[in-house]
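Colleague: So Swiss-Prot lists these for the protein:
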- D447: active site, proton acceptor (ACT_SITE)
- H107, H111, Y128, D285: Fe cation binding site (BINDING)
- Y128, V129, S130, G131, G132, D160, G173, E177, N257: L-threonylcarbamoyladenylate binding site (BINDING)
- K335, A336, G337, A338, E339, S340, R341, I342, K355: ATP binding site (BINDING)
- 329-529: domain 'Protein kinase' (DOMAIN)
- 1-324: region 'Kae1' (REGION)
Amino acid sequence: MIVLGLEGTAHTISCGIIDESRILAMESSMYRPKTGGIRPLDAAVHHSEVIDTVISRALEKAKISIHDIDLIGFSMGPGLAPSLRVTATAARTISVLTGKPIIGVNHPLGHIEIGRRVTGAIDPVMLYVSGGNTQVIAHVNGRYRVLGETLDIGIGNMIDKFAREAGIPFPGGPEIEKLAMKGTKLLDLPYSVKGMDTAFSGILTAALQYLKTGQAIEDISYSIQETAFAMLVEVLERALYVSGKDEILMAGGVALNRRLRDMVTNMAREAGIRSYLTDREYCMDNGIMIAQAALLMYKSGVRMSVEETAVNPRFRIDEVDAPWITDASRKDYGKAGAESRIEEVSFHGRPAIRKVRISKSYRNSDLDKKIRYERMRNEFTILRKLKEAGVNSPVVYDFDPFSMSITMQKIPGRMMSAELNEGRTDFLNELGIMIAKMHRAGIAHGDLTVNNIIVNDSVFIIDPSMGKVNAEIEDMAVDIYALEDSIKGLGLDSGSVIGQMLKSYRNNFNLADDVLETVSAIRRRHRYV
């Protein structure tokens, strides 16, 4: 089967042609604004002007005619609406003229599937980093699930916006990478990891302020990369332990960055897992990836009429079935974690846990020390305040800043994730009460997921090391957002589970509606907004 794929979600229009065993041809054209960033209408004009030529050249390279094509795939979303419409119109035209079937493809799905094809990865956790996208994705129960993502802007957009303010034309990423290689001074930038999610707007604001005050652009670029990339690798490693996967795959334009690739490779080596880096020519948006995803969808039984191919600028990967993937058996990581090592000890005859903050070689050493110490101190402080607020949580027995460790009460029971996977839901009412108590006390957890909640006869909240006292509504909303997404990531009937928990939360916290409205606002900020 010969498949033609058309990609056109943002700045690049591309045509790729494949069959089951060969990549036959690829032709692309990128819109490059003379000044500023991407202007959606101008990008669409560029695509409409060159798309015929791009398709013709790809057919010439493949040494076939348009009538030899058996299937047409196109990027349905997410993306810039004007660009998406140009691409979809071309795909529909080819389908109607040739009488061949057409399939609309989710753009991130294409990145994953071409990465799996060219690297040999089987069931990886994918770090997908580009201009508008920053996501950590894994396959769970028949679909790819978003385990973590940006809460504001994509990392590529952040880098490009800084570059633009510094007088560097689009795309600014490659030049920032070169400048960073000459930097030596690590500047203080916000390190914003919230559970499995990240935020980059604070880094952009601080970096622009450094630029205004005359700091060397080499040092600013170096600091942007060291800080932002460390955030990405941290959440990627956390996703491994949550999902039980033992492979990593990188894709997207930012995945071309050598420093990021080195950091991911180092993390994978320390964790004892395999890392796969998508070939450089297929990291950027391209038609081959759309053709590959369309091929897999078609072979799994997906069919679409032309009327069903409307574009969707907010199309999420977790809306798409992916039955061609068989989830690999879960890797047992034991008591290892992304940030700490857990040891079972005895404290004056009491069963206890000693949590040691471990160094991460992929991070800048100064940044690593700062993060480890701040989180350890924060966990100690917030655990005490949770107890004062009546929230079930471990009692802290000892705090040793010299060994970067905390010793605390051992809580018997199982993680909430394990209980939900076995169908237990009788604890959800109490969970809502505990979260309400925490938020009433002005405390945000910062990493409230199904793996930081222990269930026995009661519900216990653990590991608030990323938390915040004197929390604002936005901080509390991130707690609910993170918990909802971690429940959805299990692939269960998440609506019922979340609904039970939120009903109890609402009944016990007078600001719950404000928090939940902010959760909705956070979700609306995703991708190209």
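Cβ coordinates are placed from backbone N, Cα and C, and glycine is handled just like the others.
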Colleague: Kindly assign G132 (L-threonylcarbamoyladenylate binding site) to one of the three DSSP-derived states: helix, strand or coil.
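Modeller: In the DSSP reduction, G132 (L-threonylcarbamoyladenylate binding site) maps to coil.
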Colleague: Looking only at S130, N257, the binding-site residues on record, which one has the least crowded Cβ, with the fewest other Cβ atoms within 10 Å?
Modeller: N257
Colleague: Have a look at the binding-site residues (G132, G173, G337) and report the one with the fewest Cβ neighbours inside 10 Å.
Modeller: G337
Colleague: Write down the Cα-Cα distance for D285 (Fe cation binding site) and N257 (L-threonylcarbamoyladenylate binding site), rounded and given in Å.
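Modeller: Rounded to a whole number, the Cα-Cα distance is 15 Å.
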Colleague: Measuring CA to CA, name the entry from the binding-site residues S130, G132, G337, R341 that ends up nearest D285 (Fe cation binding site).
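Modeller: If we rank S130, G132, G337, R341 by Cα distance to D285 (Fe cation binding site), first place goes to S130.
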Colleague: Reduced to three states, what secondary structure does DSSP give K355 (ATP binding site)?
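Modeller: SS state of K355 (ATP binding site) = strand.
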Colleague: If you draw a 10 Å sphere on the Cβ of D447 (active site, proton acceptor), how many other Cβ atoms land inside?
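Modeller: So the Cβ neighbour count for D447 (active site, proton acceptor) comes to 26.
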Colleague: Across the region 'Kae1' (1-324), what does the pLDDT come to on average, as a whole number?
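Modeller: Reported value for the region 'Kae1' (1-324) is a mean pLDDT of 95.
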Colleague: Counting other CB atoms within 10 A of each CB, which of the binding-site residues D285, E339 comes out lowest?
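Modeller: Candidates: the binding-site residues D285, E339. Fewest Cβ atoms within 10 Å: E339.
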Colleague: Tell me which of the binding-site residues H107, R341 sits in the most Cβ-dense spot, judged by other Cβ atoms within 10 Å.
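Modeller: For the binding-site residues H107, R341, the Cβ with the most other Cβ atoms within 10 Å is H107.
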Colleague: Compute the C-alpha separation of H107 (Fe cation binding site) from G173 (L-threonylcarbamoyladenylate binding site), stating it in Å without decimals.
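Modeller: Here the two Cα atoms are 21 Å apart.
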